[in-house]
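One structure below.
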Amino acid sequence: MASTFNPRECKLSKKEGQNYGFFLRIEKDTDGHLVRVIEEGSPAEKAGLLDGDRVLRINGVFVDKEEHAQVVDLVRKSGNSVTLLVLDGDSYEKAVKHQVDLKELDQSPREPALNEKKPDLGMNGGVETCAQPRLCYLVKEGNSFGFSLKTIQGKKGVFLTDITPQGVAMKAGVLADDHLIEVNGENVENASHEEVVEKVTKSGSRIMFLLVDKETARCHSEQKTPFKRETASLKLLPHQPRVVVIKKGSNGYGFYLRAGPEQKGQIIKDIEPGSPAEAAGLKNNDLVVAVNGESVEALDHDGVVEMIRNGGDQTTLLVLDKEADRIYSLARFSPLLYCQSQELPNGSVKEAPAPISAPLEAPGSATTEDVGDHKPKLCRLIKEDDSYGFHLNAIRGQPGSFVKEVQQGGPADKAGLENEDIIIEVNGENVQDEPYDRVVERIKSSGEHVTLLVCGKVAYSYFQAKKIPILSSLADPLVAGPDAKGETEHDSAESTKDSSHPARDRTLSAASHSSSNSEDTVM
């Protein structure tokens with residue numbers, strides 16, 4: 001029965017600030033997410049969308065049974081291009097009536113017709129260049145990673161399917177029908193479905209996948225070339241190695257190097273305030289992986305010290321914090337591969353931004369010195385006298401909230417919050433597009449302490465202009481204080497949600513309950 005239904009793949013592209021030119025809606029007594037009111041000459045019309053079409057998949061993710069608000073959100077967050085798999089209205093209603101599994105429609109790649117040419121994408125000297133495999137790091141939320149595993153008759157390997165919209169897998173960069181190459185650094189290309197399921201189950205709450213999308217898998221299959229793990233893209237990993245270039249001062253570099261009793265290798269300790277090490281971005285408990293471009297993982301303490309001394313008045317260190325070390329160890333990848341994939345400017349600290357729900361290229365025009373001058377801030381506030389010591393303000397009818405009237409000496413002031421700081425995250429959840437009341441509710445429900453990711457106006461404008469997502473990984477990590485209740489230096493709230501939103505003009509009005517154009521709450 002399923003073979004009698006023919007969904008259509010419609011690829012829509014629009015310019016910045018333009019609409020796709022159609023309405024996506026639900027209607028009473030009508031199943032599915034409907035396409036309506038297609039504008040003449042719009043991207044929707046050009047892509048072949050028809051009135052009454054039902055949307056089955058968005059960018060490969062099955063959405064027919066999802067909440068309508070989530071489906072709309074997926075389209076909006078796709079940027080300036082989106083791929084929709086749709087079924088015409090009559091066929092959809094027949095499929096529902098006959099209880100056809102809509103997930104199974106158009107699951108296998110369509111073969112080109114005899115008179116149809118394959119697209120010449122990624123061609124280099126007449127040979128198609130296959131895209132990179134990619135590492136995806138998943139941390140379970142609740143009891144689910146947000147995907148299912150499947151095998152396809154006649155195809156070798158195990159594939160990922162049923163990707164939950166805005167779930168763990170999607171946020172980590174997993175795509176529908178991805179071919180699974182490795183689980184936690186172990187190749188599973190020849191493993192059975194049951195063996196892969198067992199490996200995933202035994203992984204616990206954290207797992208690392210090496211994946212290729214279906215087009216990349218097809219490319220390698222046609223060229224009969226194996227996947228090379230050393231070519232994998234690392235940009236989706238939430239914590240990355242850092243390259244730190246330090247120039248020696250009059251009193252040396254300003255840090256101690258120690259062999260870690262609990263952590264392997266040589267660990268950075270006791271960084272002196274105001275020292276060259278602190279200024280260069282070195283952190284306590286960083287693990288040293290390479291010195292001046294050479295791996296030191298196999299050297300003892302004296303050997304690493306000697307290499308640093310041999311650098312003269314300047315040394316370059318490749319370091320990992322504890323979480324980055326944990327991630328790369330799980331993947332069984334050398335951090336040196338990260339260096340090989342980066343173009344590092346001289347005399348800078350390179351910190352890669354964390355991923356969002358889809359791969360993002362770092363803007364080529366932004367130098368690391370620029371980013372270092374425009375950092376968001378992680379602020380952990382401990383309530384005093386039932387107050388956080390600041391007002392929250394917003395422009396009525398517009399998304400986004402910002403800080404006003406920070407009380408001197410209050411919790412907000414102590415945590416580093418400043419007037420007109422823009423709220424990006426509350427306890428790791430991105431709130432840039434949330435209504436004012438919802439942000440207030442999140443902060444109030446936090447109890448005695450709350451962690452905010454905020455950005456000053458100048459830094460916010462910089463990130464928006466450069467199209468750099470504002471993520472907590474760009475901020476300096478929180479340091480555990482006497483009231484931190486056992487949290488470690490690296491226990492900071494991380495968000496994988498897309499926060500690359502267009503800059504919004506704001507009139508930063510004074511906090512007032514009676515203002516006609518703003519909303520304000522004492523926190």
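Cβ from N, Cα, C; glycine included.
Note that the coordinates shown come from a computational prediction; the quantities given were computed from them, not determined experimentally.
Record features (Swiss-Prot):
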type	residues	note
DOMAIN	9-90	domain 'PDZ 1'
MOD_RES	S108	phosphoserine
DOMAIN	128-215	domain 'PDZ 2'
MOD_RES	S148	phosphoserine
DOMAIN	243-323	domain 'PDZ 3'
MOD_RES	S250	phosphoserine
MOD_RES	S334	phosphoserine
MOD_RES	S348	phosphoserine
DOMAIN	378-458	domain 'PDZ 4'
MOD_RES	T451	phosphothreonine
COMPBIAS	484-507	compositional bias 'Basic and acidic residues'
MOD_RES	S492	phosphoserine
MOD_RES	S495	phosphoserine
MOD_RES	T507	phosphothreonine
COMPBIAS	509-523	compositional bias 'Low complexity'
MOD_RES	S512	phosphoserine
MOD_RES	S514	phosphoserine
MOD_RES	S518	phosphoserine
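Locations of recorded Swiss-Prot features on the structure.
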| residue | record | contacts (Cβ under 8 Å, 6+ apart) |
| --- | --- | --- |
| S148 | phosphoserine | L160, T161, D162 |
| S250 | phosphoserine | none |
| S334 | phosphoserine | S295, Y328 |
Item to complete: Count the Cβ atoms, other than its own, that fall within 10 Å of the Cβ of T451 (phosphothreonine), considering every protein chain shown.
Response: 20
Worksheet item: Taking the domain 'PDZ 2' (128-215) alone, what is its mean pLDDT?
Response: 89
Discussion item. Using DSSP and collapsing to three states, where does S250 (phosphoserine) fall: helix, strand or coil?
Written reply: coil
Worksheet item: Can you tell me the three-state DSSP label for T451 (phosphothreonine)?
Response: strand
